[in-house]
Amino acid sequence: MGKATLSVKAPAKLNLFLHVTGRRVNGYHELQSLFTLIDLTDTLHFTVRDDGLIRRTNEIVGLPAQDDLVVRAAKLLQQSTGTSLGVDISVEKVIPSGGGLGGGSSDAATTLMSLNTLWGIGLSQQELIKLGVQLGADVPFFIFGQTAIATGIGEQLKAFPLRPVYYLILRPNLAIPTPLIFKDEGLVRNSPVLDDMVLREGYAQWEQAKFFARNDLEPVALRLFPALANLINDLKEAGFVFRMTGSGSCFFMPFLSLEGVEATKQAVEQWLIEHKPSLSVEQLFVAKGL
């Protein structure tokens, strides 16, 4: 009998808004955020091993295997459950690192869910979420797997059905380390938690592809990276209003139709050619909400 194998796509995310609502004594930040999945994906390939070894079988520039969340996720699940099985994992990376799109967290969540099946462990979704939060605050959302309001440090999730829309995503040639943003003294840490009525109003605005609330991390990122601030402010003056996802560096705009997002993409590409020739237009792409 051949070894059990599985190939799974791991989607990226956007934070449609992100408020930092407090900080715990252990240093973790509490937040309220609306997470949604998009169709930009990494692909993970798993092959079960009988000898208990856990290996990533491909090289990823700038990410040693021992630091990769997929390896850490596999080891956490193995140690937590006592399984004698191991796994070979290869990762086809498409989601850019340091962009606020959650690629590493999505890969970790996909690893936990896939090995839960391949290893025959049978943990519930909630049990996997409890493991996932040990790997990172975004991991529980990817295990939850649907548009949701996240509170706590990101592990408390409530489904928030949202009309799928299209997104124009700007990816600057810049990776922003998340800890750099969260440790900044200028970060607002006391935003109010939005109540259900405000969220329903926000939902209505998203039905029209309009922004609501804000991303508390964005002002910090723009202050720390002036070139990024210049780009975003110049785009805004030209009529293209983007919002940052997560801790950056990616920014997005929502659209109701594919035609609308494609037309704006062409307009932004032309603007970039005329005003920011050093910025590659390949750093602008369209994604669909899931």
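Easy rule for this one: first residue shown is 1, then count along the chain.
Backbone N, Cα and C atoms are what each Cβ position is placed from, and that goes for glycine too.
TrEMBL has this to say about the protein:
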- LYS13: active site (ACT_SITE)
- 69-146: domain 'GHMP kinase N-terminal' (DOMAIN)
- PRO96, SER97, GLY98, GLY99, GLY100, LEU101, GLY102, GLY103, GLY104, SER105, SER106: ATP binding site (BINDING)
- ASP138: active site (ACT_SITE)
- 211-270: domain 'GHMP kinase C-terminal' (DOMAIN)
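Every protein chain shown contributes to the tally, and the Cβ of GLY98 (ATP binding site) ends up with 18 other Cβ atoms within 10 Å. Residue counts of the domain 'GHMP kinase N-terminal' (69-146) by helix, strand and coil are 43 helix, 7 strand, 28 coil (DSSP-based). Counting Cβ atoms from all protein chains shown, PRO96 (ATP binding site) has 20 others lying within 10 Å of its own Cβ. Separation of the C-alpha atoms of GLY104 (ATP binding site) and LYS13 (active site): 11 Å, rounded to the nearest whole number. In sequence order, the binding-site residues near LYS13 (active site) (Cα within 10 Å of its Cα) are GLY100, GLY102, SER106, drawn from PRO96, GLY98, GLY100, GLY102, SER106.
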